[in-house]
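Heads up: the structure comes next, in structure tokens.
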Amino acid sequence: MIMHLGLMMVVGLTLCLMHGQALLQVPEHPFSVVWNVPSARCKAHFGVHLPLDALGIVANHGQHFHGQNISIFYKNQFGLYPYFGPRGTAHNGGIPQAVSLDHHLARAAHQILHSLGSSFAGLAVLDWEEWYPLWAGNWGPHRQVYLAASWVWTQQMFPGLDPQEQLHKAHTSFEQAARALMEYTLQLGRTLRPSGLWGFYRYPACGNGWHKMASNYTGHCHAAITTRNTQLRWLWAASSALFPSIYLPPRLPLAYRQAFVRHRLEEAFRVALLEHSHPLPVLAYSRLTHRSSGRFLSLDDLMQTIGVSAALGTAGVVLWGDLSFSSSEEKCWRLHDYLVGTLGPYVINVTKAAMACSHQRCHGHGRCARKDPGQMEAFLHLQPDDSLGAWNSFRCHCYSGWAGPTCLEPKP
């Protein structure tokens, strides 16, 4: 079994380097908005139809959470991801060093083969948030438990080492095991479903959160975190897409929201090129509601999330929500009214504008992005009369196989 999986991984990595960016780079879709909300119950249980297709939003068949366009795998639903529960219970050994990599990969392979169709070409998102693969990134009480458990594990496994050597061994063994779990899982997914876009949710991180700071908030990513992102070259090499989070922090002032989103996306664009000759596609995760109040995002909020993502040149935005959105007929109607009245019209506007700019400036062989990322007023929007803009503030990011200022030059 071990040799078989190892061979599959090598073959899969070769396949994925050939096929890595097939999905959201077709000329017809320079920017996509993807639905990652389990809303199937609205139609099935309450008779409320959510017209996602008519609004230009990409969804799975039947609006199911897992399907041909997007599937997200949580910590307790995929392989043998090790973590500690809220009461300190160790699941799958608790720490990466304590889980069998071979058993994890065997179980993950079974789940991939049975949950994703053989022609799957959607987004495959792994949501593993309990620990960070670099030792120094596990700060705060929630994550420090993994450092403490690693030290205990090392003391049990290597009792002959002195305390300083045990601490060093805990550090290195944690990082080696964490890397193996994440790297081999991505390679396995890309082997078995090579047309899918595989990556981890919330990677890369940025560390530019809002903590009631003074008026000098810039939105820049924390220097220590950008350094760690550079150290994670192996993760970007194994990924075929990046899924950073642009969830707006509670009470983040409107004046700072664009800077918050922009710098998170710019960091993703930076790491997208670290291990690839052509950048990985970036699809930012956004929410439908504010975390603190539960209010739906306003039109201004949508501009600072979806609008900024399109203007900076991402491949798309993934809209996330949980089962609460479809938990009752009333909530389904609220979601319907928000879709039809606010979200849907804005998505139609942005996706049409992105397509028009792609064809007018980039000959349909690339997507438009701001010439100056900090030009806050430059958006891919249709005019109020639905006419096209001049797009003078945008340049082209060419798709793989094309080059030049307007993506007109074939590139082998």
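Quick reminder: no glycine exception, Cβ is built from N, Cα and C everywhere.
Computed from a predicted structure; not experimentally measured.
The record in Swiss-Prot pairs Cys362 in a disulfide bond with Cys396, which is drawn from Cys206, Cys221, Cys396, Cys398. Counting residue by residue with DSSP, the domain 'EGF-like' (353-408) contains 10 helix, 12 strand, 34 coil. Rounded to a whole number, the C-alpha distance linking Glu129 (active site, proton donor) with Asn69 (N-linked glycosylation site) is 23 angstrom. Each residue contributes its Cα atom, and for Asn69 (N-linked glycosylation site) and Asn216 (N-linked glycosylation site) these two points are 41 Å apart. Sorted by the number of other CB atoms within 10 A, the glycosylation sites Asn69, Asn216 start with Asn216, the lowest.
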